[in-house]
Amino acid sequence: MKHKKLAAAVVTGTFCATLVLFSCSKSDKNDDSQGGGNQSDTVLVNLGANVISPAFNQLATATAGLETVVTAFTNFPTSGSLLAMKNAFKDAYKAWEGVSAYQFGPMLDQSLTTHFTNSFPADTAIIKSNIAGASYTMDGLGNFAAQGFPALDYLLFAYNDNYVMARFTTDANATGAKNYLKALAGALKTKAAAVANAWSATGGNYVDKFSKATGVDAGSSLSQLLNAFVQDFDVTLQNYKIGIPIGKYGPNTLPISPEKVEAYYSGYSVALLIAQLQAIQTMYLGGNGGGIDDKVAATTAKNNGLPLNDAIKNQINTLLAKLQTLQDPLSAAVQNNITTVNDTYTEVRKLTVLLKADMSSALGVKISFQDDDGD
Amino acid sequence: MMMVINHFKRYRHIAPLAVLRMAFGAVLFVSTVRFIVKGWVTDFYITPRFHFPFYGFEWLHPGSAGCMYTVYGLMAAAAFCICTGLFYRIATIVFFCCFGYAEMLDKTYYLNHYYLVTIFSFLLMLVPAHRYCSLDVLRKPALRVTQVPSWTILIFKYQLCLIYFFAGLSKLTHDWLIEALPLRIWLPAKAPTVPVISSLLHHDCVACFFSWGGMLFDLSIGFLLLYRPTRRPAYILVIIFHVLTALIFQIGVFPYLMMSATLIFFSEDFHRSVLRKANSGEEKQLVFSRPVRITLLWALSVYFLLQVLMPLRFLLYPGSLFWTEEGYRFSWRVMLMEKSGTTYFYIKDPATGRKFQVNNGKFLTPYQERMMETQPDMMLQYAHILATEYKERGITNPQVTVESYVTLNGHGSRLFIDSARNLASEKETWFGHKNWILPMDEKN
């Protein structure tokens, strides 16, 4: 009798435990509704409201400004409106660097990604054929390198002003060129506006969702943010913006490929690198509020005897200083002064290691997260 | 030895075995179906271009999508049959073979609990767990027995004791006990998603408490479960421990596996009352013939000797175990380290002197890459994959070097592998030390 009761108790107990566990067990990847319920995280609140959302507003404003001057130029192509367009392009490109670390959630939803917005070098053959009247879809397969900032970089800066003016005025395909220019600027403006709205508290209010998806599991905001930001730094900045031009990355770039830098035609590469790193620094430090630094400082993690947080902050500053010694155009530096660029790459690599290995590990976030059975 | 032989002569009621079969079979079934539903068959075996088979199993390759789904379908069906006791012998063999095959294909997916499943399904193959309260008995009433040699039950108890005990031994480290690492990293990180005790997890003393509690639990629980007077409180501890780990960490079905497996420790009276409906009927002993008894005795002796030696094989290697991971797997080292790395592979063509970095994403899935980045034996396999690939692309004798930075338990990243060594010419061995792994204490 005693055993019967015990058996019943154990069976019911195990069953209840199982039920409880399954009902509160964490859901799967790609489900960003999960996270720690309604408790929000002050760092996430600050980053969302005061760092990330404003960066998207900045991009929305800059791309809207670009679109306005592009329209003005296509209506009345003058050297003055061409210059206005070039300046607006640089502002917008810089604003893009301010958000490229945030490629998750709304940016993915709107295809405002490096792939569609900043695939360099631009595919000039496709751009020319699109201008000449080939039918194309902006985000269609194969058009990724014929759009975004690299395409504008090519159209506005590849040749001297006279030639550029001619392309949009006297050339046989001038109308096609004007239309394509408008389409490029229009696509950027539309996507940027949509993302800014999706994040905005008065719009899609992703900022609220972002602040509440706490914890470090797949789908949590911290995991999404750090994965996106580390990938942006590791792949886009380290490999594409510097590694490929100096011939360190991939078999097809040897010995050097200066023409593969970002913003090759406008020669604006270093300025953009600095903008990207400054944006990362702002995000890491959290502006005037809590940032990733506070989370790292709360751990005991060390690097080479220094608290990890100090090591990261120092390395960001070291790299910034190094970037500031480089001079635009970067392509010329790659050709004539490769030692400085190589040195910069070494400093980039050090920061990559600190972010990808040390920081992620200290915060318990898995980089390249894939859901699994755990252990 | 006499005691061991006694277990072949002494008889016990079969009920504990039948309950274990049902409970464990049910968890296996759920976990296999879950694996399929989550799309992991595709993610783990179909999508990747390359795999990391275990040493000695390089001849195994994943089949086509149809083949892999068939394997997992068979596995699910076999688990169902194990649970219900239908065609039990065939079902256990099928399950063991399918599961073992999938496990050997790629060490990326190695988990201690998969190893547990592998060896439990092996042990289930040897015992007559279907001869009571099963569909096989319904099908063929002559199969029904009530008394089985006591070893059939004891092997599971001993196996579980070994698992917990070695898990406890492996926690006797400076980091775990004194620094409370990695729990001091994980608990605050996981805190926001943990119900009820969330606010507690931020305190260092809680990490300490969990570290020591976990160590003491693992070292003692086997004995507490074996000893009758402490058995009931011990099982309550088992439930508390595994429920807690399940709430805090993403560890899938592991807690359920352990909770179902440890049921075996309860007395036969307990198990008989669970299965009271099946109790009617005559008592009958299952007698193994002498040759079978002798074979099993030897086989199980060798098996348990291996079970003791495997977790100790790390002693064969110099250096820090957690750093080199030589002798790390198959040793019940669970959740002991927060290790993370970033690794760059370089190909050099000695003919031209040209050297470039490889895009790992072109060869590996993110999951494979992440696991490879902290595990030297996987790096070696990957280096060989790269050498083969670039030979096909026209480099006659590609040299593969690696620049790898790894951090262990927040101690800071440092160079992990001798970046001057050409890994394409290094070979894997059974128990040889990889002397191209840099020692952990060397500052770089």
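In case you wondered, yes, glycine gets a Cβ from its N, Cα and C as well.
Please treat TrEMBL annotations as automatic predictions, because they have not gone through curation.
As annotated by TrEMBL, domain 'HTTM-like' applies to B:9-270.
The transmembrane segment feature in TrEMBL is assigned to B:59-79 (among others).
As annotated by TrEMBL, transmembrane segment applies to B:86-102 (among others).
Long-range Cβ contacts of the transmembrane segment (B:108-127) within its own chain (Cβ-Cβ under 8 Å, at least 6 residues beyond either end) map to 17, 21, 24, 28, 31, 44, 51-52, 82, 89, 92-93, 95-96, 99-100, 148, 152, 155-156, 159, 163, 251-254, 257, 261, 296, 299-300, 307, 329-330, 332-334, 367-368, 371-372, 378. The transmembrane segment annotation in TrEMBL covers B:108-127 (among others).
What TrEMBL records for B:148-167 (among others) is transmembrane segment.
Outside the transmembrane segment (B:209-227), and at least 6 residues removed from its termini, the chain residues within Cβ reach (under 8 Å) are 157, 160-162, 164-165, 167-169, 171-172, 176-177, 180, 183, 187, 233-235, 237-238, 241, 262, 265. What TrEMBL lists as transmembrane segment is B:209-227 (among others).
Sequence-distant neighbours of the transmembrane segment (B:234-257) (same chain, 6+ residues past either end, Cβ-Cβ under 8 Å): 24, 27, 30-31, 34, 111-113, 116-117, 186-187, 190, 194-195, 201, 214, 217, 221, 224-225, 265-266, 335. Among the features that TrEMBL reports, transmembrane segment is placed at B:234-257 (among others).
The transmembrane segment annotation in TrEMBL covers B:296-316 (among others).
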Overall pLDDT for the domain 'HTTM-like' (B:9-270), taken as the rounded mean: 95
Criterion met for the transmembrane segment (B:86-102) and the transmembrane segment (B:59-79) (at least three Cβ pairs under 8 Å): yes
Cβ contacts under 8 Å made by the transmembrane segment (B:296-316) with residues that lie 6+ beyond its boundaries: 4-5, 8, 119, 126, 151, 155, 158-159, 162, 166, 169-170, 288, 326-328, 330-333, 431, 433
